[in-house]
Amino acid sequence: MALSGSTPAPCWEEDECLDYYGMLSLHRMFEVVGGQLTECELELLAFLLDEAPGAAGGLARARSGLELLLELERRGQCDESNLRLLGQLLRVLARHDLLPHLARKRRRPVSPERYSYGTSSSSKRTEGSCRRRRQSSSSANSQQGQWETGSPPTKRQRRSRGRPSGGARRRRRGAPAAPQQQSEPARPSSEGKVTCDIRLRVRAEYCEHGPALEQGVASRRPQALARQLDVFGQATAVLRSRDLGSVVCDIKFSELSYLDAFWGDYLSGALLQALRGVFLTEALREAVGREAVRLLVSVDEADYEAGRRRLLLMEEEGGRRPTEAS
């Protein structure tokens, strides 16, 4: 018998469910993507979509990227199960940095956790381990000599003052690689050093494409579909001709302090300011003329998190080794 005053079973709201699984709603994704589109990119998207066959028009009146994406949803061209058109439009704009947002996975905010590093802890560990290895190798050599001859250390020292015996000369001549193998661990090897790769993307582009598209895109074909294809091809050719190029490089880090400093400079904008003088040269400014040019710098957050975990694990393992050895 059910009680009349019993509380109903709790039901999850859509936002709570999405937050639990670390997902973004469709409209929240529209806010993230639309908020990063420039006015020039909005004009280009509205121009391309309004010229499509059967388009209702009116996208040019959109005042923001959010309004434009909401209008696409209202027309049935973009929904939760079909984001193909939005992905194609972002590729036309060369905004590949916005494509990961279409997966609707919420990105966790990352802040650099700085440590008060004096001398590098890994270098200290390397010196300490090398010192311990030299001591252990020297003691192992003396013990091995005692075991081979079966003599006490005092007798072994007296014999080494004079000329070595024939048996010792034969052993030394027959096994020349044994001391080299024992001394190899004493040298710090750089091949086994743990590193992580951080991918850096730098791109220079024009701030506005509208005037160039207005001058270079026109079609006189009577059919709507043919005119749309002609306009789209011309706009793509104009944008490709105005591509100023990009650079993608992988930076290796072996110290956690350097990685945190690099990420902190990226978040604060110091990295962008430092790269501006390297890429926006006088030759580039003379080539573009009076048009405004901007520099875009992107560092993958997933690379930073994975690299930080890797280096932090190396620091923890290196800290446990001296305690286990002692």
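Any Cβ shown, glycine's included, is placed from N, Cα and C.
Some features that Swiss-Prot has for this protein:
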- 25-104: domain 'DED' (DOMAIN)
- 104-194: region 'Disordered' (REGION)
- 136-146: compositional bias 'Low complexity' (COMPBIAS)
- 155-174: compositional bias 'Basic residues' (COMPBIAS)
- 155-173: motif 'Bipartite nuclear localization signal' (MOTIF)
- 175-191: compositional bias 'Low complexity' (COMPBIAS)
Taken over the motif 'Bipartite nuclear localization signal' (155-173), the model's mean pLDDT: 50
Secondary structure content of the domain 'DED' (25-104), with strand meaning DSSP E or B: 51 helix, 2 strand, 27 coil
